[in-house]
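Going by TrEMBL, these are the annotated features:
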- 82: active site, phosphocysteine intermediate (ACT_SITE)
- 82, 83, 84, 85, 86, 87, 88: substrate binding site (BINDING)
- 1-273: domain 'Myotubularin phosphatase' (DOMAIN)
- 307-373: domain 'FYVE-type' (DOMAIN)
């Protein structure tokens, strides 16, 4: 009521806008794609992209809100307001719920969280995912990066893993699914997306991706993470001993999980370095590489992206045209130009990911991208 005392405080959460996020992501992409960077300078250049710092700020903002909600009075309320309200607001609020409510750490819970706080909340998937739009920005992808960092700190508390998140990232960026193709629910209803487009969740829930790290015992897992050596070429984690982090992970019996947000412990999700994932996986897990690659190849058929789903090569990012045709990678289903998909593997080496059943009984070679070529070669070598 007017005149009553209002017991409220205002806190500024220093999270940059979508333009800074886009610039940071483009700089990170350029760094990963470069081959002339000395290893001695790789970590320094990674820091200059500010991508890890931006992800840290988002996670730290969510941690602040979660602490207020949990440590405050039972009637404590928090209002999160960030500019238009469909970018940083969704990032922070969705992460808070992930920290506080263990339901959202299940696969079904993650689906509900994305539907509730992203799609129905009005996040502009169409604009943010269109590289030619002036307001394009990897906002949802950045949120997945933050989720991946939390999963890395609490792997036993999540029903999904890094591989599941990587699949979700690839599916969302393909722009081939009605779930993440529109700016709001009205556009989705007008396009009758539920009937005319495939749901991204039907693919995601049908995946059989498994994680090597998940199979390790908790004690072995923590030891492996502490002793992992950071290599600039396959950087996965920037971490030091726990006593040097300057912060502690917060857990309680009610399911609260608040991660460390120090840059010394923050994770550069391997999705950004997926072309180096062979070296990364061996280094991080210490497991037998052939066993891991068999799991990565999987047994479920791959979804071939539609030709109209993207206008540029997903490898070199050059625009398709009369002199640059689209070619599907038969290992992952993504679209590339002829230069980026010139590797060839025998069909049986990637049979678990080929959608054409008749190909399974032949030994002819098919086009694959560089990533699938290395994975397929490792699979062949293990036989």
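The chain as shown is numbered from 1 upward.
Backbone N, Cα and C define each Cβ position, glycine as well.
Any TrEMBL annotation is an automated prediction that lacks curation.
Calculated from their C-alpha atoms, the gap between the residue listed as 'active site, phosphocysteine intermediate' and residue 88 (substrate binding site) amounts to 6 Å. Within the model, the domain 'Myotubularin phosphatase' (1-273) carries an average pLDDT of 75.
All chains included, 13 other C-beta atoms sit within 10 angstroms of the C-beta of residue 84 (substrate binding site). When other Cβ atoms within 10 Å of the Cβ of residue 82 (active site, phosphocysteine intermediate) are tallied across all protein chains shown, the result is 17.
Other C-beta atoms found within 10 angstroms of the C-beta of residue 86 (substrate binding site) number 20, with every protein chain shown included. Under a cutoff of 8 A between CB atoms, and with a sequence separation of 6+ in the same chain, the neighbours of residue 88 (substrate binding site) are 13, 15, 17, 58, 82, 139. Residue 83 (substrate binding site) is surrounded by 11 other CB atoms, counting those within 10 A of its CB over all protein chains shown.
Applying an 8 A CB threshold to same-chain residues 6+ apart, the list for residue 87 (substrate binding site) reads 17, 18, 123, 128, 137, 139.
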